[in-house]
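For reference, the structure is listed below as structure tokens.
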């Protein structure tokens, strides 16, 4: 690639994901795929409208994730999975890439319509000394701040309830050995294209600020009270203007144990790796130890190449003559809902499978 190409200024950019996992094309007709692509494009365009007007990256990622939370296709907000006892317990986090690493996170939510908005409110509240709130107190706080509250039944969807019941059937004693043989005892439905449909977004604005947001309902038939990687800063969410922003999706326990989101940034900072090399290495290493999933990552460097052995889409994006950003979207499963949009183009690009 030429030196001139390295200096192309593409302006503020937004990248999103709607989860990675086992997505069988045979059980996922093109008409349904189009519905998911349209949903991703809608989220991208909403964030784009903010960025193109010179708005802040944190507002762009919040509105994009809110739209995905409101869409029943994805495992966040309205489309969240159920716990073993048949409840929805939601969680989210958001982070700014500035030096103070300002962040907000929340978990074990049952009545907050948009967890990502609660996370953003926690981050921006000058009277709030905490990064992370959960459960009843988090919901009390949300209500006190005027956030939209809903009856727990709002999150119910027919598809998710069926997955919940199917999962309970699998856990009957006579089926447990077969389940363990098939997938190590994991209660997620292998035929569900969005069982790991965590959603996330990263944006860089005209001021060079990177923001990352992630939201999820967890995984199907998790134990009540389980907290995953999504609300844990450095595990499922990270933002640092000097390295990158990262949002993860997949098997949360592995993301927690290995601090996946921060690991990508750390490899860039200490090993001087590019965002594509750092992100791809982290995701490949996850696969070696049994962790399925993927990440989206955005940094400020200009080289672009395809990573061998793992899908990674890289896009040049620049904010001015001194800063250059690109996007990486590697995953180690057979599919990941993902997309990006550049203010310089105004055209959303969304994908599902490796070959796209």
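Cβ atoms are placed via backbone N, Cα and C, with glycine included.
The active site, nucleophile annotation in TrEMBL covers 198. Marked as substrate binding site by TrEMBL: 226, 227, 228, 229, 249, 250, 251, 252.
Of all the Cβ atoms in the protein chains shown, 28 others lie within 10 Å of the Cβ of residue 250 (substrate binding site). Counting other C-beta atoms within 10 Å of each candidate's C-beta, the recorded positions 198, 249, 251 are led by 198. The two recorded residues, residue 252 (substrate binding site) and residue 198 (active site, nucleophile), have Cα atoms 10 Å apart. Cβ-based crowding with a 10 Å cutoff singles out 252 as the top-ranked of the binding-site residues 228, 252. Each residue contributes its Cα atom, and for residue 226 (substrate binding site) and the residue listed as 'active site, nucleophile' these two points are 15 Å apart. Counting every protein chain shown, 16 other Cβ atoms lie within 10 Å of the Cβ of residue 226 (substrate binding site). Sequence-distant neighbours of residue 229 (substrate binding site) (same chain, six or more apart, CB under 8 Å from its CB) are 235, 236, 248, 252, 253, 255, 256, 260, 261, listed in sequence order. Distance between Cα atoms for residue 249 (substrate binding site) and residue 198 (active site, nucleophile): 6 Å, as a whole number. Largest CA to CA distance in the substrate binding set (226, 227, 228, 229, 249, 250, 251, 252): 16 Å, whole number.
Between residue 251 (substrate binding site) and residue 198 (active site, nucleophile), the C-alpha separation comes to 10 Å. Here the Cα atom of residue 227 (substrate binding site) is found 13 Å from that of the residue listed as 'active site, nucleophile'. A distance of 8 Å separates the Cα atom of residue 250 (substrate binding site) from that of residue 198 (active site, nucleophile).
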